[in-house]
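Engineer: Here's a structure for you.
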Ligand SMILES: N[C@@H](CCC(=O)N[C@@H](CS)C(=O)NCC(=O)O)C(=O)O
C-alpha cells in the first residue's frame with residue numbers, strides 16, 4: 001500500500017534504483033542527466049508482483065515541486081530485456097498515485113503489450129499554502145497538471161514541469177522506460193492533463209487518450225476555479241491550458257488520432273466536462289478524434305475499467321515503432 005512506508009523486498013538487482021541504466025538497454029540523452037548527482041534518487045515504498053511484472057510505489061524529493069512526491073509504476077516483464085514504451089496515467093480530482101493502479105486494471109493489458117505505466121500524484125501535498133485543503137476540487141488533489149503562475153500556488157504547484165521534465169526523465173533513466181516512446185492518458189482532471197500536456201509537448205508524447213476529460217476547463221466551474229487561482233483572473237491567460245482552445249488554433253497535431261471515452265450517465269458531464277467543445281475544435285483542426293459516448297456508464301472507475309483495454313491497445317499500437 002503506497003501510504004505505508006515499508007522495507008522494500010526488491011530483488012537484488014533492483015535494490016538500488018540508480019545506476020542501473022546500463023543493464024536496461026540503450027539510454028538516450030535524458031539518461032545522462034539521471035546519472036548525475038543523485039538528484040533523482042527514489043525511495044521504494046512498496047513492491048508487488050503483478051501480471052509477471054512489478055507494481056511499485058515510490059517517494060522522492062521533487063526538484064520541480066520542492067517537496068516529497070509519490071508516484072506509482074507498473075514495470076512489465078518485457079523490461080528485463082530492454083527499454084519499454086511508457087504510458088503516463090493521470091488521475092482525477094481527489095485521487096492519488098495509487099487510485100489508477102488499484103482500480104483501472106490497466107496492468108493486465110500493459111503486461112500483454114509490454115507497456116510501462118506511470119501514475120503521478122494529482123498535486124503537491126503539504127505545501128502549507130492557506131486554503132489548500134479547504135475544498136475537494138481545488139488545491140490538494142487538484143493540481144490540474146499545470147505550472148501555477150500566481151502566488152502563493154506558484155511556490156509548489158508545478159505539476160506540468162514535474163511530469164514533463166522530472167518524472168519523464170526518471171521514467172527513462174532510473175526506470176526502464178524509453179523516452180522516445182511515451183504516451184499519456186487520463187481521467188477527468190487527468191483527462192484534461194493528458195489532452196493539454198500532449199498538445200503543449202508534442203515532442204514528448206506520441207499518443208494521447210482520455211476518459212471523461214474536463215475537455216474545456218475555461219467553460220466549467222472546476223476549471224474556472226482552478227485556473228483563476230493558479231493562472232490568474234483573466235480567461236485570456238488560460239488559453240494555453242485549455243484542451244479545446246489549444247486544439248482550436250492547431251492543425252492536426254496527432255495524425256494517428258485521439259481516443260476519448262465518455263459515459264452518458266456521468267453526473268459531471270453537462271456542467272463540467274464539455275466533450276462537444278473538444279469535438280468541435282478537433283473538427284476545425286482536422287484532428288482525427290474517436291469520441292465514444294456510452295449509455296449506462298457514469299464517471300467512476302467501473303466505467304474506466306470497462307474500456308481500459310481499448311486505451312492500452314490504442315497506445316501500444318502508436319508506441320510500438
Ligand atoms: N467529491 C467527490 C467526487 C470526486 C470524484 O468523483 N473524483 C473522481 C475524479 S473527478 C475519481 O476518480 N474519484 C476516485 C474514485 O472514483 O475512486 C469525492 O470526494 O469523492
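Backbone N, Cα and C define each Cβ position, glycine as well.
No curator has checked TrEMBL annotations; they are predicted automatically.
Feature annotation from TrEMBL assigns active site, charge relay system to 188, 266, 299. Per TrEMBL, compositional bias 'Low complexity' is recorded for 12-33. Annotation source TrEMBL lists region 'Disordered' at 1-37.
Please situate the listed features within the shown structure.
Structural biologist: According to its DSSP assignment, residue 188 (active site, charge relay system) is coil. Here the Cβ of residue 188 (active site, charge relay system) has 27 other Cβ atoms within 10 Å, regardless of which shown protein chain they belong to.
Neighbour density for residue 266 (active site, charge relay system): within 10 A of its CB lie 21 other CB atoms from the protein chains shown.
Cβ neighbours within 10 Å of residue 299 (active site, charge relay system), excluding its own Cβ and spanning all shown chains: 21.
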Engineer: If I take the alpha carbons of residue 299 (active site, charge relay system) and residue 188 (active site, charge relay system), what is the distance between them in whole Å?
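Structural biologist: Residue 188 (active site, charge relay system) has its Cα 8 Å from the Cα of residue 299 (active site, charge relay system).
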